[in-house]
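Notes to accompany the following structure.
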Amino acid sequence: MAIASLSEIPAGAGELSVWPASTTRLPHGDMAVGGVSLAEIADRFDTPAYVLDEGEVRERCRTYRAALPEADVLYAAKAFLCRAMVRWVEEEGLGLDVCSAGELELAVTAGFPPERIVLHGNAKAPRDIGAALRLGVGRIVVDGPSEIARIAAAVGPQGRQRVMVRVVPGVSAGGHEKIRTGTEGQKFGLSPADGSAQDAVARILGQPRLELTGLHCHIGSQITEVEPYLVALRTMVGLMALVRDAHGVVLPELDMGGGHGIAYRPGESALDLTALARGLRTELGESCAAAGLPVPRLVIEPGRAVAGPAGVALYRVLAVKRTGRKVFVAVDGGMSDNPRPVLYGVRYAPRLVGRHSAAAARTATVVGRHCEAGDVLAADVELPGDVHPGDLLAVPVAGAYQLSMASGYNMVGRPPVIAVHEGTSRLLVRRETLEDLRSRDVAG
Ligand SMILES: *Cc1c(COP(=O)(O)O)cnc(C)c1O
(Lines of atoms letter the chains of each structure in order from A; the text may use other names.)
(Lines give C-alpha, C1' and ligand atoms only; values in the text may rest on other atoms or scores of the structure.)
Protein backbone atom coordinates (compact mmCIF):
# COMPACT_ATOMS: atom_id res chain seq x y z
CA MET A 1 0.00 0.00 0.00
CA ALA A 2 2.91 2.37 -0.57
CA ILE A 3 1.99 5.71 -2.10
CA ALA A 4 3.81 7.37 -4.97
CA SER A 5 5.48 10.43 -3.52
CA LEU A 6 5.44 12.78 -6.53
CA SER A 7 2.17 14.47 -5.75
CA GLU A 8 2.52 14.52 -1.99
CA ILE A 9 2.24 17.88 -0.34
CA PRO A 10 3.24 18.05 3.35
CA ALA A 11 0.27 18.81 5.55
CA GLY A 12 2.14 21.36 7.65
CA ALA A 13 0.23 23.88 9.71
CA GLY A 14 -3.13 25.38 8.96
CA GLU A 15 -6.19 23.24 8.48
CA LEU A 16 -4.24 19.98 8.89
CA SER A 17 -2.42 21.14 12.01
CA VAL A 18 -4.23 18.65 14.27
CA TRP A 19 -3.57 15.69 11.97
CA PRO A 20 -0.63 13.30 12.47
CA ALA A 21 2.67 14.81 11.30
CA SER A 22 2.91 12.16 8.58
CA THR A 23 -0.30 13.36 6.90
CA THR A 24 -0.04 14.28 3.22
CA ARG A 25 -2.53 15.25 0.57
CA LEU A 26 -2.96 12.88 -2.34
CA PRO A 27 -4.61 13.43 -5.73
CA HIS A 28 -8.43 13.40 -5.99
CA GLY A 29 -8.95 14.73 -2.45
CA ASP A 30 -7.47 11.66 -0.85
CA MET A 31 -5.11 11.88 2.10
CA ALA A 32 -2.38 9.63 3.42
CA VAL A 33 -1.46 9.00 7.04
CA GLY A 34 1.71 7.06 7.78
CA GLY A 35 2.18 6.85 4.02
CA VAL A 36 -1.11 4.98 3.47
CA SER A 37 -4.14 6.29 1.59
CA LEU A 38 -7.23 6.67 3.77
CA ALA A 39 -9.50 5.81 0.83
CA GLU A 40 -7.58 2.56 0.37
CA ILE A 41 -7.94 1.74 4.06
CA ALA A 42 -11.68 2.32 3.84
CA ASP A 43 -11.90 0.03 0.80
CA ARG A 44 -9.78 -2.68 2.31
CA PHE A 45 -11.02 -2.71 5.92
CA ASP A 46 -14.49 -1.19 5.44
CA THR A 47 -15.89 1.56 7.67
CA PRO A 48 -16.13 2.75 10.34
CA ALA A 49 -12.45 2.19 10.98
CA TYR A 50 -9.83 3.67 13.26
CA VAL A 51 -6.39 4.41 11.86
CA LEU A 52 -3.49 4.66 14.29
CA ASP A 53 -0.20 6.21 13.15
CA GLU A 54 2.56 4.18 14.82
CA GLY A 55 5.19 6.81 14.02
CA GLU A 56 3.10 9.52 15.68
CA VAL A 57 2.66 7.45 18.86
CA ARG A 58 6.38 6.69 19.01
CA GLU A 59 7.36 10.28 18.31
CA ARG A 60 5.08 11.53 21.08
CA CYS A 61 6.64 9.06 23.53
CA ARG A 62 10.11 10.26 22.51
CA THR A 63 9.14 13.90 22.88
CA TYR A 64 8.05 13.22 26.47
CA ARG A 65 11.26 11.36 27.28
CA ALA A 66 13.36 14.15 25.77
CA ALA A 67 11.44 16.90 27.58
CA LEU A 68 11.76 15.21 30.99
CA PRO A 69 14.74 12.83 30.85
CA GLU A 70 14.98 12.81 34.66
CA ALA A 71 11.35 11.65 35.07
CA ASP A 72 9.47 8.41 34.66
CA VAL A 73 6.86 8.83 31.92
CA LEU A 74 3.94 6.40 32.21
CA TYR A 75 1.45 6.06 29.39
CA ALA A 76 -2.11 6.07 30.77
CA ALA A 77 -3.53 2.93 29.21
CA LYS A 78 -7.15 3.91 29.58
CA ALA A 79 -6.78 6.40 26.72
CA PHE A 80 -6.36 3.45 24.35
CA LEU A 81 -4.70 0.08 24.73
CA CYS A 82 -4.02 -2.87 22.49
CA ARG A 83 -1.05 -5.21 22.31
CA ALA A 84 0.76 -3.22 19.62
CA MET A 85 0.37 -0.07 21.70
CA VAL A 86 1.83 -1.93 24.68
CA ARG A 87 4.86 -2.86 22.59
CA TRP A 88 5.42 0.62 21.13
CA VAL A 89 5.22 2.25 24.55
CA GLU A 90 7.56 -0.37 26.00
CA GLU A 91 10.09 0.02 23.21
CA GLU A 92 10.06 3.80 23.65
CA GLY A 93 11.02 3.40 27.29
CA LEU A 94 7.80 4.53 28.97
CA GLY A 95 6.06 2.90 31.89
CA LEU A 96 2.36 2.14 32.00
CA ASP A 97 -0.49 3.39 34.14
CA VAL A 98 -3.44 0.98 34.37
CA CYS A 99 -6.73 1.05 36.27
CA SER A 100 -8.04 -2.50 36.07
CA ALA A 101 -7.02 -6.14 36.07
CA GLY A 102 -8.03 -6.16 32.40
CA GLU A 103 -5.61 -3.43 31.30
CA LEU A 104 -2.96 -4.94 33.51
CA GLU A 105 -3.33 -8.50 32.19
CA LEU A 106 -3.36 -7.33 28.58
CA ALA A 107 -0.16 -5.36 29.11
CA VAL A 108 1.72 -8.07 30.99
CA THR A 109 0.65 -10.87 28.66
CA ALA A 110 1.82 -8.68 25.76
CA GLY A 111 5.25 -8.60 27.37
CA PHE A 112 5.23 -5.34 29.33
CA PRO A 113 7.55 -5.47 32.38
CA PRO A 114 5.21 -5.41 35.42
CA GLU A 115 7.65 -3.45 37.57
CA ARG A 116 7.15 -0.50 35.18
CA ILE A 117 3.36 -0.57 35.75
CA VAL A 118 1.33 1.49 38.23
CA LEU A 119 -2.22 0.46 39.18
CA HIS A 120 -4.64 3.14 40.28
CA GLY A 121 -8.42 3.47 40.63
CA ASN A 122 -10.92 4.81 43.15
CA ALA A 123 -12.58 1.43 43.72
CA LYS A 124 -10.29 -1.53 43.23
CA ALA A 125 -12.02 -4.89 43.05
CA PRO A 126 -10.40 -7.89 44.76
CA ARG A 127 -9.62 -9.08 41.25
CA ASP A 128 -7.65 -5.90 40.50
CA ILE A 129 -5.58 -6.12 43.66
CA GLY A 130 -5.11 -9.86 43.17
CA ALA A 131 -3.84 -9.41 39.62
CA ALA A 132 -1.54 -6.56 40.68
CA LEU A 133 0.10 -8.67 43.39
CA ARG A 134 0.23 -11.86 41.33
CA LEU A 135 1.81 -10.12 38.36
CA GLY A 136 4.08 -7.93 40.48
CA VAL A 137 3.16 -4.37 39.53
CA GLY A 138 5.63 -1.68 40.45
CA ARG A 139 3.21 0.50 42.43
CA ILE A 140 -0.37 0.45 43.63
CA VAL A 141 -1.88 3.90 44.18
CA VAL A 142 -3.99 3.88 47.35
CA ASP A 143 -7.16 5.88 46.81
CA GLY A 144 -9.03 5.31 50.07
CA PRO A 145 -8.47 4.25 53.68
CA SER A 146 -10.16 0.85 53.37
CA GLU A 147 -7.71 -0.24 50.67
CA ILE A 148 -4.71 -0.15 52.93
CA ALA A 149 -5.55 -3.16 55.08
CA ARG A 150 -7.00 -5.01 52.07
CA ILE A 151 -3.80 -4.67 50.07
CA ALA A 152 -1.61 -5.49 53.06
CA ALA A 153 -3.65 -8.62 53.80
CA ALA A 154 -3.49 -9.74 50.18
CA VAL A 155 0.30 -9.29 50.03
CA GLY A 156 0.90 -12.31 52.27
CA PRO A 157 3.51 -12.82 54.96
CA GLN A 158 6.58 -12.96 52.71
CA GLY A 159 5.80 -10.10 50.35
CA ARG A 160 6.14 -6.36 50.31
CA GLN A 161 4.20 -4.10 47.93
CA ARG A 162 5.23 -0.60 46.95
CA VAL A 163 2.36 1.88 47.14
CA MET A 164 1.68 5.58 46.67
CA VAL A 165 -1.12 7.73 48.09
CA ARG A 166 -3.49 9.56 45.77
CA VAL A 167 -3.86 13.10 47.02
CA VAL A 168 -6.34 15.77 45.96
CA PRO A 169 -4.23 18.93 45.96
CA GLY A 170 -7.25 21.25 45.81
CA VAL A 171 -6.68 22.40 42.25
CA SER A 172 -9.56 22.52 39.82
CA ALA A 173 -8.44 22.12 36.22
CA GLY A 174 -9.56 20.35 33.09
CA GLY A 175 -11.62 20.64 29.96
CA HIS A 176 -14.97 19.61 31.50
CA GLU A 177 -16.50 19.12 34.94
CA LYS A 178 -16.62 15.36 34.48
CA ILE A 179 -12.85 15.17 34.07
CA ARG A 180 -11.78 17.51 36.89
CA THR A 181 -10.31 15.33 39.61
CA GLY A 182 -8.08 17.59 41.67
CA THR A 183 -10.48 18.95 44.30
CA GLU A 184 -12.66 17.68 47.09
CA GLY A 185 -16.26 16.91 46.26
CA GLN A 186 -15.40 14.32 43.60
CA LYS A 187 -14.72 10.65 44.09
CA PHE A 188 -10.93 10.43 43.66
CA GLY A 189 -8.14 10.69 46.19
CA LEU A 190 -7.54 11.77 49.76
CA SER A 191 -7.45 15.35 50.91
CA PRO A 192 -4.67 16.97 52.92
CA ALA A 193 -7.15 19.69 53.91
CA ASP A 194 -9.24 17.38 56.07
CA GLY A 195 -6.28 15.23 57.12
CA SER A 196 -7.37 12.08 55.33
CA ALA A 197 -4.23 12.04 53.16
CA GLN A 198 -2.03 12.32 56.28
CA ASP A 199 -4.05 9.54 57.98
CA ALA A 200 -3.54 7.24 54.99
CA VAL A 201 0.20 7.95 55.02
CA ALA A 202 0.41 7.11 58.73
CA ARG A 203 -1.54 3.89 58.30
CA ILE A 204 0.62 2.75 55.38
CA LEU A 205 3.81 3.50 57.29
CA GLY A 206 2.43 1.28 60.05
CA GLN A 207 2.00 -1.66 57.66
CA PRO A 208 5.23 -3.67 57.38
CA ARG A 209 4.03 -5.31 54.16
CA LEU A 210 3.61 -1.97 52.41
CA GLU A 211 6.37 0.37 51.30
CA LEU A 212 5.28 3.95 50.72
CA THR A 213 7.33 5.32 47.80
CA GLY A 214 5.60 8.64 47.35
CA LEU A 215 2.54 10.74 46.69
CA HIS A 216 0.38 10.81 43.58
CA CYS A 217 -2.07 13.29 42.15
CA HIS A 218 -4.00 13.70 38.91
CA ILE A 219 -5.80 17.02 38.80
CA GLY A 220 -7.91 16.56 35.69
CA SER A 221 -7.81 16.02 31.96
CA GLN A 222 -7.56 18.16 28.82
CA ILE A 223 -5.67 20.86 30.78
CA THR A 224 -3.97 23.41 28.54
CA GLU A 225 -2.24 25.62 31.14
CA VAL A 226 0.97 24.89 33.07
CA GLU A 227 0.02 26.90 36.16
CA PRO A 228 -2.46 24.39 37.75
CA TYR A 229 0.30 21.76 37.75
CA LEU A 230 2.68 24.11 39.54
CA VAL A 231 0.07 25.02 42.16
CA ALA A 232 -0.61 21.30 42.70
CA LEU A 233 3.10 20.56 42.88
CA ARG A 234 3.63 23.12 45.66
CA THR A 235 0.86 21.49 47.69
CA MET A 236 2.30 18.04 47.10
CA VAL A 237 5.80 19.09 48.21
CA GLY A 238 4.24 20.76 51.24
CA LEU A 239 2.59 17.46 52.13
CA MET A 240 5.87 15.60 51.63
CA ALA A 241 7.45 17.99 54.12
CA LEU A 242 4.63 17.29 56.59
CA VAL A 243 5.25 13.56 56.19
CA ARG A 244 8.93 14.09 56.90
CA ASP A 245 8.16 16.21 59.98
CA ALA A 246 5.58 13.78 61.35
CA HIS A 247 7.31 10.49 60.60
CA GLY A 248 10.92 11.25 59.73
CA VAL A 249 10.30 9.67 56.30
CA VAL A 250 11.58 11.28 53.10
CA LEU A 251 9.46 10.02 50.21
CA PRO A 252 11.53 9.36 47.08
CA GLU A 253 8.80 9.77 44.40
CA LEU A 254 6.24 12.34 43.31
CA ASP A 255 3.68 11.44 40.65
CA MET A 256 1.96 14.45 39.09
CA GLY A 257 -0.45 12.40 36.91
CA GLY A 258 -1.48 13.28 33.38
CA GLY A 259 -4.19 15.43 31.87
CA HIS A 260 -2.10 17.22 29.25
CA GLY A 261 -4.47 18.93 26.84
CA ILE A 262 -4.38 18.60 23.05
CA ALA A 263 -5.98 20.50 20.16
CA TYR A 264 -8.95 18.78 18.57
CA ARG A 265 -9.56 21.47 15.97
CA PRO A 266 -7.20 23.80 14.12
CA GLY A 267 -6.54 26.93 16.15
CA GLU A 268 -7.23 25.33 19.53
CA SER A 269 -4.45 25.42 22.08
CA ALA A 270 -2.62 22.44 23.54
CA LEU A 271 -0.55 22.15 26.68
CA ASP A 272 3.01 23.26 25.88
CA LEU A 273 5.12 20.27 26.95
CA THR A 274 8.39 22.22 26.95
CA ALA A 275 6.87 24.87 29.22
CA LEU A 276 5.39 22.17 31.47
CA ALA A 277 8.73 20.38 31.77
CA ARG A 278 10.58 23.60 32.53
CA GLY A 279 7.93 24.70 35.03
CA LEU A 280 7.79 21.37 36.86
CA ARG A 281 11.57 21.13 37.07
CA THR A 282 12.02 24.68 38.37
CA GLU A 283 9.11 24.54 40.78
CA LEU A 284 10.17 21.16 42.14
CA GLY A 285 13.73 22.36 42.72
CA GLU A 286 12.60 25.55 44.45
CA SER A 287 9.84 24.01 46.57
CA CYS A 288 12.08 21.20 47.73
CA ALA A 289 14.92 23.60 48.53
CA ALA A 290 12.52 25.77 50.55
CA ALA A 291 11.23 22.72 52.42
CA GLY A 292 14.70 21.27 52.95
CA LEU A 293 13.77 18.13 51.01
CA PRO A 294 15.86 16.30 48.43
CA VAL A 295 14.27 16.46 44.95
CA PRO A 296 12.10 13.34 44.52
CA ARG A 297 11.94 11.35 41.30
CA LEU A 298 9.21 12.90 39.19
CA VAL A 299 6.58 10.71 37.51
CA ILE A 300 4.06 11.89 34.90
CA GLU A 301 1.23 9.95 33.25
CA PRO A 302 0.10 11.32 29.87
CA GLY A 303 -2.60 9.36 28.07
CA ARG A 304 -4.55 11.59 25.70
CA ALA A 305 -1.45 13.52 24.56
CA VAL A 306 0.29 10.30 23.47
CA ALA A 307 -2.59 8.49 21.74
CA GLY A 308 -5.13 11.16 20.78
CA PRO A 309 -3.41 12.95 17.89
CA ALA A 310 -2.18 9.62 16.43
CA GLY A 311 -5.69 8.39 15.62
CA VAL A 312 -8.01 9.15 12.70
CA ALA A 313 -11.58 7.81 12.53
CA LEU A 314 -12.98 6.96 9.10
CA TYR A 315 -16.71 6.91 8.42
CA ARG A 316 -18.87 6.44 5.34
CA VAL A 317 -21.77 8.83 4.84
CA LEU A 318 -25.08 6.91 4.88
CA ALA A 319 -27.59 9.72 4.57
CA VAL A 320 -27.88 13.47 4.14
CA LYS A 321 -31.02 15.15 5.39
CA ARG A 322 -32.22 18.72 5.57
CA THR A 323 -34.67 19.43 8.38
CA GLY A 324 -35.74 22.97 9.04
CA ARG A 325 -32.60 25.05 8.71
CA LYS A 326 -30.20 22.25 9.60
CA VAL A 327 -28.32 19.83 7.38
CA PHE A 328 -27.58 16.45 8.94
CA VAL A 329 -24.86 14.23 7.54
CA ALA A 330 -25.32 10.76 9.03
CA VAL A 331 -22.40 8.33 9.09
CA ASP A 332 -22.01 4.61 9.76
CA GLY A 333 -20.60 5.04 13.29
CA GLY A 334 -21.40 7.39 16.13
CA MET A 335 -21.79 7.34 19.89
CA SER A 336 -20.95 3.64 20.13
CA ASP A 337 -17.42 4.27 18.86
CA ASN A 338 -17.08 7.86 20.07
CA PRO A 339 -19.16 8.85 23.09
CA ARG A 340 -17.07 11.95 23.81
CA PRO A 341 -19.30 14.56 22.16
CA VAL A 342 -22.29 13.16 24.08
CA LEU A 343 -20.37 12.92 27.37
CA TYR A 344 -18.40 16.14 27.35
CA GLY A 345 -19.74 18.18 24.47
CA VAL A 346 -16.37 18.10 22.71
CA ARG A 347 -15.97 19.44 19.18
CA TYR A 348 -14.24 17.78 16.24
CA ALA A 349 -13.26 18.89 12.75
CA PRO A 350 -14.26 16.17 10.26
CA ARG A 351 -13.10 16.35 6.65
CA LEU A 352 -14.26 14.93 3.37
CA VAL A 353 -11.58 12.57 1.99
CA GLY A 354 -11.23 10.42 -1.09
CA ARG A 355 -12.96 12.82 -3.45
CA HIS A 356 -12.26 16.33 -4.56
CA SER A 357 -15.18 18.70 -4.18
CA ALA A 358 -15.48 22.10 -5.80
CA ALA A 359 -18.78 22.81 -4.04
CA ALA A 360 -19.01 25.74 -1.66
CA ALA A 361 -18.82 24.87 2.03
CA ARG A 362 -21.99 24.76 4.08
CA THR A 363 -22.65 24.23 7.76
CA ALA A 364 -23.70 20.70 8.61
CA THR A 365 -24.03 18.54 11.70
CA VAL A 366 -22.40 15.14 11.48
CA VAL A 367 -24.49 12.61 13.36
CA GLY A 368 -24.15 8.91 14.05
CA ARG A 369 -26.47 6.05 13.16
CA HIS A 370 -27.64 5.32 16.69
CA CYS A 371 -31.16 5.58 18.02
CA GLU A 372 -30.71 8.73 20.08
CA ALA A 373 -31.16 12.32 19.00
CA GLY A 374 -28.06 13.16 21.04
CA ASP A 375 -25.91 10.92 18.85
CA VAL A 376 -23.94 13.82 17.38
CA LEU A 377 -20.31 13.49 16.29
CA ALA A 378 -19.65 17.05 15.18
CA ALA A 379 -22.19 19.86 15.46
CA ASP A 380 -22.16 22.78 13.02
CA VAL A 381 -19.04 22.06 11.00
CA GLU A 382 -18.11 23.29 7.55
CA LEU A 383 -18.31 20.57 4.89
CA PRO A 384 -18.56 20.81 1.10
CA GLY A 385 -22.17 21.45 0.06
CA ASP A 386 -22.30 18.36 -2.15
CA VAL A 387 -21.48 15.75 0.52
CA HIS A 388 -23.61 12.73 -0.28
CA PRO A 389 -24.11 9.08 0.70
CA GLY A 390 -21.02 7.01 -0.10
CA ASP A 391 -18.61 9.84 0.74
CA LEU A 392 -15.85 9.24 3.21
CA LEU A 393 -15.40 11.47 6.25
CA ALA A 394 -12.25 11.45 8.38
CA VAL A 395 -12.14 12.73 11.94
CA PRO A 396 -8.65 13.54 13.26
CA VAL A 397 -7.52 13.37 16.90
CA ALA A 398 -9.48 10.14 17.37
CA GLY A 399 -6.86 8.08 19.18
CA ALA A 400 -7.81 8.64 22.85
CA TYR A 401 -10.97 7.91 24.86
CA GLN A 402 -12.97 6.87 21.82
CA LEU A 403 -12.50 3.15 21.25
CA SER A 404 -11.53 2.68 24.90
CA MET A 405 -15.00 4.00 25.78
CA ALA A 406 -16.79 2.29 22.88
CA SER A 407 -19.98 0.37 23.61
CA GLY A 408 -22.15 -2.30 22.10
CA TYR A 409 -25.10 0.07 21.67
CA ASN A 410 -27.49 -0.97 18.91
CA MET A 411 -25.28 -4.02 18.27
CA VAL A 412 -23.43 -2.12 15.58
CA GLY A 413 -20.12 -3.72 16.60
CA ARG A 414 -16.97 -1.87 17.51
CA PRO A 415 -14.71 -0.76 14.63
CA PRO A 416 -11.31 -2.24 13.79
CA VAL A 417 -7.99 -0.53 14.51
CA ILE A 418 -5.50 -0.34 11.67
CA ALA A 419 -1.90 0.69 12.26
CA VAL A 420 -0.19 2.68 9.55
CA HIS A 421 3.55 3.17 9.37
CA GLU A 422 6.00 4.02 6.60
CA GLY A 423 3.64 3.14 3.80
CA THR A 424 2.16 -0.08 5.17
CA SER A 425 -1.04 -0.83 7.00
CA ARG A 426 -1.66 -3.62 9.49
CA LEU A 427 -4.81 -4.76 11.26
CA LEU A 428 -4.31 -4.48 15.04
CA VAL A 429 -7.82 -5.08 16.34
CA ARG A 430 -10.44 -6.66 14.08
CA ARG A 431 -14.00 -5.44 13.74
CA GLU A 432 -16.47 -6.79 16.31
CA THR A 433 -18.84 -9.10 14.49
CA LEU A 434 -22.33 -10.37 15.11
CA GLU A 435 -20.67 -13.68 16.00
CA ASP A 436 -18.73 -11.93 18.79
CA LEU A 437 -21.94 -10.49 20.16
CA ARG A 438 -23.81 -13.78 19.81
CA SER A 439 -21.08 -15.79 21.51
CA ARG A 440 -21.61 -13.94 24.81
CA ASP A 441 -25.35 -14.50 24.69
CA VAL A 442 -25.37 -17.95 26.29
CA ALA A 443 -29.03 -18.75 26.96
CA GLY A 444 -32.08 -18.78 24.71
C1 LIG B 1 -6.83 9.35 33.19
C2 LIG B 1 -5.59 9.43 34.00
C3 LIG B 1 -4.40 9.80 33.40
C4 LIG B 1 -4.28 10.23 31.96
O5 LIG B 1 -5.02 11.36 31.69
P6 LIG B 1 -4.88 12.07 30.26
O7 LIG B 1 -5.83 13.20 30.32
O8 LIG B 1 -5.27 11.05 29.25
O9 LIG B 1 -3.46 12.48 30.12
C10 LIG B 1 -3.26 9.78 34.18
N11 LIG B 1 -3.30 9.42 35.47
C12 LIG B 1 -4.44 9.06 36.09
C13 LIG B 1 -4.43 8.68 37.50
C14 LIG B 1 -5.63 9.06 35.37
O15 LIG B 1 -6.77 8.72 35.97
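Each residue, glycine too, has its Cβ placed from N, Cα and C.
Following the DSSP three-state reduction, the secondary structure of Cys371 (active site, proton donor) is coil. The feature active site, proton donor is assigned by TrEMBL to Cys371.
For Pro302 (pyridoxal 5'-phosphate binding site), the count of additional Cβ atoms within 10 Å of its Cβ stands at 27 [all protein chains shown]. The annotation pyridoxal 5'-phosphate binding site is assigned in TrEMBL to Gly259, Glu301, Pro302, Gly303, Arg304, Tyr401.
With a 10 A radius on its CB, Arg304 (pyridoxal 5'-phosphate binding site) counts 26 other CB atoms from all the protein chains. Residues annotated as substrate binding site in TrEMBL: Arg304, Arg340, Tyr344, Glu372, Tyr401.
Marked as domain 'Orn/DAP/Arg decarboxylase 2 N-terminal' by TrEMBL: 55-307.
In the three-state DSSP assignment, the secondary structure recorded for Lys78 (N6-(pyridoxal phosphate)lysine) is helix. Annotated N6-(pyridoxal phosphate)lysine per TrEMBL: Lys78, in sequence order.
Distance from the CA of Arg340 (substrate binding site) to the CA of Cys371 (active site, proton donor) is 17 Å. Listed recorded positions: Gly303, Arg340, Cys371, Tyr401. Those with a CB atom under 6 Å from ligand 1: Gly303. Under the DSSP three-state reduction, Arg304 (pyridoxal 5'-phosphate binding site) is assigned to helix. Scoring each of the binding-site residues (Glu301, Glu372) by how many neighbouring Cβ atoms lie within 10 Å, the top position goes to Glu301. Of all the recorded positions given, namely Lys78, Arg340, Tyr344, Glu372, those whose Cα is no farther than the 10 Å limit from the Cα of Arg304 (pyridoxal 5'-phosphate binding site) are Lys78.
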